[in-house]
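Annotated features in TrEMBL:
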DOMAIN    8-108  domain 'PH'
DOMAIN    139-225  domain 'DEP'
DOMAIN    247-353  domain 'PH'
Amino acid sequence: MDADNEIPVLREGFLVKRGHIVHNWKARWFVLTPDKLLYYKYEGGKRDSCQRGKILLKDCLITCPFLEYENRPLAFKLQTKHGVDHFLEACSREERDEWAVNPTDTVAPMRLFSLSYVLLKPCYFTLFYSKVLDSMYDVHSGIKLSNHVEQGSTYSNCFSGSAVVDWLVFMQLSLTRGEAVTLASALLEEGFLRTVGLRSVEALRTASLSEQFMDDSTALYSFPDSFKKRGGVKSERSRSALELSGKVVKRGYLLKQGHRRKNWKVRLFVLRSEPDFLHYYDPTKDDISPVGGFSLRGCLISSLDDNGVPSGVKGNIQGNLFKIITKSDIHYFIQAPTHQEKMNWIDAIREHT
């Protein structure tokens, strides 16, 4: 028996990896074992038998989240003991954090500032908060201001609650996400941050002090009006913004067959409700706009037989396939990594058709 087949697999799935020589991003199938991370090319709806590379995890340092890529907030970095950096991106914050659990039990670096120390020294409150705000505002290493959509309105020059928590952890101002929420809540309470949009305003009005700040990608915040900002927060409505304004129900990497060339590519699928839409993105590009999507109203979804190649599918693609037919009779053929994932997606989409 092959020795590799005897190695226990702790986790496997799609991640997007940055190349070493040409710094482009490509989707790869990763397999996590106790001492290494293997990755494979995935083409034609199946994984290559030969691995493309491996990352040895002994004495590896993990930076999660890694926020130096503005349009890739779900990235994390692995640095080997020889100083080689590997940049990976997951499909969601939950997936990223699950992948980034350090199997080698490497101790995280100490923080630059200790929140617990500040809480024991009230006289340092204002000075500490001011330093945090100055760091957040820094044009090079600070939190990025961008456009966000909430319930059909687009807000400019703001950031999400989860982005603030990611940044605080990344900058080692907080050790855990819970501690970062506590610090962000204090900044909000003291007027160093302000709410933007309905979700964060409602949380501030109704929640207890410890829950006023939301670690959520749809809760929006910005710098206070009294602070000299890089731009004011503005709101505008558009048709495309409306369909992207729904609550994210599910997201993940799936393979999709193209409509013209019929080739299979990994896409990041995002299912939203109210309004019910399914969008898909090219994870190899830095563009945050979807490359396609459709309303789920009137859609038909069906699981395809795993025996043989179904009609309409090009190539020897078998297993974990399902089909969506839109109200305008456009057919989408999609493949999930596993049977369970296929059924999870079918059940989730059916709830919103």
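Each Cβ is built from the backbone N, Cα and C atoms, and glycine gets one as well.
DSSP assignment over the domain 'DEP' (139-225) gives 35 helix, 19 strand, 33 coil. The average per-residue pLDDT of the prediction over the domain 'PH' (8-108) is 82, rounded to a whole number.
Each residue in the domain 'PH' (247-353) gets a DSSP state, and the totals come to 12 helix, 44 strand, 51 coil.
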